[in-house]
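Please read through the structure below; I'll follow up with questions.
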Amino acid sequence: MTERIPTRIIETIDPGKPKRLTPAKEGGPIHTRSFSGLFRNLRLLGAGLLFILFFGTAWLDWNGRQAVLWDLGAGQFHIFGSTFWPQDFILLSAILIIAAFGLFFISVLAGRVWCGYACPQSTWTWIFMWAEKITEGDRNQRIKLDAAPWSLNKLLRRGAKHAIWLGVSLVTAVAFVSYFTPVRELVAGLLTLDAELGPTIWVALFATATYLNAGWLREQVCLHMCPYSRFQSVMFDSDTLNVAYDAARGESRGPRKKDSDYRVEGLGDCIDCTMCVQVCPTGIDIRDGLQLDCISCGACVDACDEVMDKMGYARGLVRYASERSLEGKKIRLLRPRLMGYGLVLIVMIGAFIWALGERSLVSLDVTRDRTLYRENSAGQIENMYLLKVINKSQQVQRYSVGLQGAQFTLQGPSELTLAPGEISDVPYSVALVEPSRAASTHEIHFTIMNPNDRSAHDSVSSTFISPARY
Ligand code: SF4
Ligand code: SF4
């Protein structure tokens with residue numbers, strides 16, 4: 001027999017048809033029912049890949065160091081064979097902008113699929129729900145356990161659930177923090193209670209956030225805290241795919257015998273079993289229409305398809321559909337908004353790849369000494385500079401340092417050898433050998449390059465000051 005959700009009649013639009021409050025609107029805990037189906041399997045696949053990436057990447061090594069590591073102390077971001085420095089911040093910003101446009105593109109195409117299938121908040125919430133199921137049982141058992149007075153059985157089940165939640169939160173926090181602190185050091189330190197205070201505090205904070213977000217707050221994060229859920233609906237158009245209930249086919253809803261001639265009774269395909277509501281992680285009724293709370297997870301699609309199979313009806317009463325397709329019209333793929341986002345995305349990715357290829361693997365910074373000028377032993381006017389050179393490559397580099405302009409000479413080492421990632425501050429002096437009467441300030445250009453590596457070059461302008469008589 002089909003189990004009903006706890007209901008409360010709030011209003012009667014049609015005297016013969018009382019309207020129920022959904023779990024979301026009742027404000028109590030949402031007890032989701034287990035289900036199976038295509039979209040659940042797709043989500044498991046997505047979550048599996050996400051986990052392998054998230055938990056596995058931190059343990060990968062590359063050239064003797066952690067392959068992906070954001071070394072905040074040194075201001076370096078290592079990602080496999082490349083190291084990004086604060087000077088490359090623009091490239092990291094570009095990655096975020098590309099990700100944002102990617103999300104816009106996906107949102108126009110298929111609504112909130114990111115939320116339903118890949119968002120860490122949803123993914124970890126599914127894991128926590130699974131922990132709930134194996135410790136406290138499926139939906140009916142959990143509802144009973146909630147209502148039951150405290151007993152040893154309830155204490156043990158609740159305790160086991162929270163132990164798994166805390167365990168998952170801790171492992172997640174360690175994996176996250178290990179992208180900022182070498183993972184082996186961090187894990188060894190935590191296991192021997194000898195970890196540094198900073199990373200330990202971050203692990204504790206992140207574990208607490210995971211435990212609260214995925215265990216207690218759940219859909220409240222999606223509904224009230226996530227900024228994306230607030231503005232994503234403005235990106236939708238009438239061809240965006242969303243999870244939708246086909247009201248034309250489903251109404252009037254109502255129970256019936258399996259092989260009854262329900263059309264004659266004026267009923268549609270919806271048997272009003274509420275399975276779509278019972279599996280919904282945000283506790284809404286998709287039959288009320290497209291809602292801000294829907295994360296497009298497809299759970300109700302799977303649940304309803306299963307019901308349709310049992311009833312011998314065609315699948316797809318609840319399905320991924322656009323507003324136009326529900327009206328029986330064809331979905332338009334080539335539409336201005338989608339093409340606009342797609343075009344911006346392609347241009348941004350192209351520009352990023354170009355900028356990455358052109359990125360110089362040496363950085364030069366020049367600071368002029370605060371003294372105005374001085375006269376050297378040859379009677380020439382001289383200015384002092386400090387050159388800061390960073391070898392941003394993964395190899396030892398030998399650079400030539402030079403100065404453009406025939407009227408100046410550069411005094412200091414003409415060649416520098418730097419180890420991978422080394423930062424070197426080297427003082428230089430520049431002398432004016434061809435005095436000019438016209439100017440007391442001159443623009444000069446320092447250059448640095450490795451003649452054997454065309455990606456290792458940089459140039460920086462500075463100012464040379466001489467007395468007016470020159
Ligand atoms: S699962 Fe399908 S048949 Fe059951 S109430 Fe939902 S829409 Fe109707
Ligand atoms: S209505 Fe359906 S698709 Fe939307 S959140 Fe609920 S179960 Fe997922």
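The backbone N, Cα and C atoms fix where each Cβ goes, and this holds for glycine too.
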Choose the correct range: of 11-30, 411-430, 451-470, which one does TrEMBL annotate as region 'Disordered'? Give that range.
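Residues 451-470 are the ones TrEMBL records as region 'Disordered'.
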Return the stretch with the most CB pairs under 8 A relative to the transmembrane segment (42-60), choosing among 89-110, 163-180, 200-217, 338-357.
163-180
For the transmembrane segment (200-217), find every same-chain residue at least 6 residues outside the stretch whose CB is under 8 Å from a CB in it, and list them.
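For the transmembrane segment (200-217), the sequence-distant neighbours (Cβ-Cβ under 8 Å, at least 6 residues beyond its ends) are 121, 124-125, 127-128, 162, 165-166, 168-170, 172-174, 176-177, 180, 186, 189-190, 225.
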In terms of Cβ proximity under 8 Å, which residues at least six beyond the ends of the domain '4Fe-4S ferredoxin-type' (260-289) contact it?
2-5, 20, 22-26, 30, 32-35, 122, 125-126, 129, 139, 218-219, 222-223, 243-245, 247-254, 295, 297, 299-300, 302-304, 306-308, 311, 313-314, 317-318
Taking only the residues in the domain '4Fe-4S ferredoxin-type' (260-289), give me the average pLDDT of this model.
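Summarising the domain '4Fe-4S ferredoxin-type' (260-289) by its mean pLDDT gives 93.
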